[in-house]
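Structure in structure tokens, see below.
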Amino acid sequence: MFKFSASLAALAALVPFVAAQSPEWGQCGGIGWTGPTTCVAGTTCVESNPYYSQCLPGAASVAPPPPSGTSSAGGSTPSSSAKLHTLAKAAGKLYFGTATDNNELTDTAYTAILDDNTMFGQITPANSMKWDATEPQQGVFTFSGGDQIATLAKTNGMLLRGHNCVWYNQLPSWVSSGSFTAAQLTSIIQNHCSTLVTHYKGQVYAWDVVNEPFNDDGTWRTDVFYNTLGTSYVQIALEAARAADPNAKLYINEYNIEFAGAKATSLLNLVKSLKAADVPLDGIGFQCHLIVGEFSGPGLQTQLSTFAAQGVEVAITELDIRMTLPSTPALLAQQQTDYNSVITACMNVESCIGVTVWDWTDKYSWVPNTFSGQGAACPWDQNFVKKPAFNGIAAGFSA
């Protein structure tokens, strides 16, 4: 058996304290935080709100103020009994909502939570209003899937977001593989948008009229719409939607615009040109499909403000924050911080009207089937148990 000298024992005792530092962008404090409260060299522990502090690039490493038991607004620490839509409304936002899909609505344990309109005040149909679901054959429309979710929203007193009119993906082959003149495709877009939006007239708060028009490098996607009509297809779709339902808000919805870059710049320039030409456009949707630990809340806030300055409202439309599996306590804690950062960014921008998660439970998340080895992206786990992320959301609305 080895015997440690007094000096070695003292050195060993110091090791945990040396190692117990949060990495850059890691959490370093806040109400309920039990992890490290100092940051690695070159970063500073900055308090964003009483519920979390984060190691941001800077010159010094300092500990955050000791957490108190109340929020800055005087409320108590959010608990798992919090109702997110109720909190969002109390904070001055229009809604907290979720996407859902028709196949999920046969799961009674799922719908028992989904139907709670104090938890979710808004619903987005994930797939049943897309082109392949609504006009699978030219001129032949079917609305059964969308109607089911629209009825659910009406029954529960929830806002409904329409998703979507024009998108490069999930198109029936007669559209995606068609060979059209500009006049023909213009008529096809007008008929599809008009028929779809008219069918749900008076039921939909906002439509994602155009979805994901740009590549990540800021160039336009080369799909049947752009290849045939150039950029004018956006105006065609927006004008058709406005004529069909003058009271619905009209959005362009995009991902990877949560930070400054070529894609965000291209979309911003499009917004400016559309507004200058008096083309109807009311909002920009920030999808926010994010990765744990790779996200800047202040960066998102800046982007929300930049777009809002163009005279449009903004919304978080498809929020989830994925991680490399398996999940760990550290990853779940960081995910809590990241969800809180998104809510805080929206809270700090008056024109950010609400937040929608892209389904609320890991059981029905799209992430594992799209990103190999990743998942656990939602605020509830696959057994419908609230994760730390839930409290991150609640704290953001309560701050």
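Glycine is treated like the rest: Cβ placed from N, Cα and C.
Residues or ranges marked as active site, proton donor by Swiss-Prot on the basis of similarity to another entry: E212. The active site, nucleophile annotation in Swiss-Prot covers E318 and rests on sequence analysis. Sequence annotations record features per position, and here Swiss-Prot assigns disulfide bond to C346-C352. Annotation source Swiss-Prot lists domain 'CBM1' at 21-56, citing sequence analysis. Marked as signal peptide by Swiss-Prot on the basis of sequence analysis: 1-20.
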Suppose we draw a 10 Å sphere around the Cβ of the residue listed as 'active site, nucleophile'. How many other Cβ atoms does it contain, all chains included?
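For the residue listed as 'active site, nucleophile', the 10 Å Cβ neighbour count is 22.
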Around C352 (disulfide bond), how many other CB atoms lie within 10 A of its CB?
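Total other Cβ atoms inside 10 Å, all chains included: 24.
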A 10 Å Cβ contact count, applied to the recorded positions E212, C346: which residue has the minimum?
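Comparing Cβ neighbour counts within 10 Å for the recorded positions E212, C346 gives E212.
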So, in DSSP terms, is C346 (disulfide bond) helix, strand, or coil?
helix
Which one is it, among the recorded positions E318, C346, C352, that lies nearest to E212 (active site, proton donor) by Cα separation?
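Closest recorded candidate to E212 (active site, proton donor) by Cα: E318.
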Any idea what the Cα distance is from C346 (disulfide bond) over to E318 (active site, nucleophile), rounded to a whole Å?
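If we compare the Cα positions of C346 (disulfide bond) and E318 (active site, nucleophile), the gap is 14 Å.
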